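A.B. asks: I have a structure here, written as structure tokens, and I will follow up with some questions on it.
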Amino acid sequence: MIKKFIRKILGVKENTENGKSDESGKSKAKNKPKVLGAKEHGIDPKLVSNNAIRVTQTLQENGFKAFIVGGAVRDLLLGVKPKDFDVATNATPEQVKRLFRRAFIIGRRFQIVHVMFGQDLIEVTTFRGAAKNDAPTDEHGRVLRDNTFGEQHEDAVRRDFTINAMYYDPSSETVLDYHGGIADIRKKTLRIIGVPELRYREDPVRMLRVVRFAAKLQFSIDAETRKPIPVMAPLIDNVPNARVFDEMLKLLMSGHAMACLQQLRKEGLHHGLMPLLDVVLEQPMGERFVTLALANTDERVRQGKTVSPGFLFASLLWHQVLEKWEAYKAAGELSIPALHLAADDVLNTQTDALALQRKIGSDMRDIWAMQPRFEKRIGKSPYKMLENSRLRAGYDFLLLRCASGEIDNEIGEWWTAFIQGDEAERVRLLSIKPKAKVGEVPAAKKRRPRRSNNRRPKTAASE
Ligand code: ATP
Ligand code: MG
């Protein structure tokens, strides 16, 4: 009674159907899930991965509990084929590993097991227990390590959103719903489990996840889930860059990149948080290029084609490179070395800020470095380009530059004809005098040369 009174004074909510719990958002979890049979949830078993079924079945045959969980259940309920499947179980990582031929324990923030079937990967996690009060946190309350195992209902309360906290058992075709996820799916609502402020403090990346899911699923964000975001957004600064980068990559490769970026802006999440996003969202010159690049990426993802992060980031940062390239040339550097210096500058800044992996960085450099080579449309040079293993990426990038109006369409058309043409056609093309030059910046965008002894000129983006 007294407890209830204190809660009332503090304005802390009681347990509700949505699983909102006490001030910790953890200790008063709803222990009994709503159980839905096949007729109620309507999941099409044909959309379920056979490998995920193999994993749950094997675990169950060995006396463990095992369910498909998280985003896969959410997508199945929405009638969408999930792109990957996660399994949750009460078996420990060691116990899981023993049951499968190709299983690897991955010790990132939480220990999980990767079970491989050819190229297909099923991620298996052990139910996680209620977060301990003494779990180590940083000075802002971000949980640093918390790897205790627990009961299924405890696992459910630690998941991020109600729609991500459902469990599907393929053998009985039942869905266990602990936090009103089904109702929220029907209402197309994203609702965080527990007290939003506390959940964002524990893990600020959840703010980026809300945005990604809202844009991708076209769901609305529940008012209480949304409210603290603009105030708490700066907490993302304290998250390790590599983790923010992973989330950004998911966002950009979700097939709804443009919608996600617009939503980030709407929620006040883009500013000053990620240097790359500032560049992308606030560069008037490159806006058309970036918009096209993202539309292109979204289209590829939706068609089930692969998207290379290197190509994506090369596109997002191209206008920063262009600007620096121009500045180096204006400072007296020759075109090709100037491009390399510009690429170095951009990669150095972004590699630190974004934890860009080395491989992505070198892919980006390759794509950029090929651009002036498209300019050489005489002699042996174009034939050498045909042998370049990265031609496809470089050429696609060239076409984006044409489509954005940065360079003349004629260059893209010439290369399309050259790549597709037979020998006679190629000889004919080589005899045409090129009209436009690649890398030529339209007169209006040219700057006055800056005279300086410093080899590294300052540009807006480097200030
Ligand atoms: P996607 O379709 O992008 O894979 P997803 O929901 O499966 O979406 P994952 O990152 O694969 O997202 O995470 C799997 C599940 O793990 C989530 O559905 C959620 O239940 C839980 N989860 C992931 N990240 C967090 C987090 N930061 N906090 C709490 N739970 C999380
Ligand atoms: Mg997933």
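Glycine too: its Cβ is placed from the backbone N, Cα and C atoms.
Found this in TrEMBL, in case it helps:
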REGION    16-36  region 'Disordered'
COMPBIAS  16-26  compositional bias 'Basic and acidic residues'
ACT_SITE  Asp84  active site
ACT_SITE  Asp86  active site
ACT_SITE  Asp160  active site
DOMAIN    219-278  domain 'tRNA nucleotidyltransferase/poly(A) polymerase RNA and SrmB- binding'
DOMAIN    332-451  domain 'Polymerase A arginine-rich C-terminal'
REGION    439-463  region 'Disordered'
COMPBIAS  444-463  compositional bias 'Basic residues'
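On this model, are these features tucked inside or out on the surface, and what's nearby?
C.D. replies: Taken residue by residue with DSSP, Asp84 (active site) is part of neither helix nor strand, so it is coil.
Within the same chain, residues at least 6 positions away in sequence whose Cβ sits under 8 Å from that of Asp86 (active site) are Ile68, Val69, Gly70, Gly71, Ala72, Ile122, Glu123, Val124, Thr125.
Reduced to three states, the DSSP call for Asp160 (active site) is coil.
Summarising model confidence by region, the domain 'tRNA nucleotidyltransferase/poly(A) polymerase RNA and SrmB- binding' (219-278) averages a pLDDT of 86.
Sorting the domain 'Polymerase A arginine-rich C-terminal' (332-451) by DSSP state (H, G, I as helix; E, B as strand; all else coil) yields 81 helix, 0 strand, 39 coil.
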A.B. asks: Among the active-site residues Asp84, Asp160, point out the residue whose Cβ has the most other Cβ atoms within 10 Å, with all shown protein chains included in the count.
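C.D. replies: That would be Asp160, with the most Cβ atoms nearby.
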A.B. asks: Tell me the Cα distance separating Asp84 (active site) from Asp160 (active site), rounded to the nearest angstrom.
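C.D. replies: So the Cα of Asp84 (active site) lies 18 Å away from that of Asp160 (active site).
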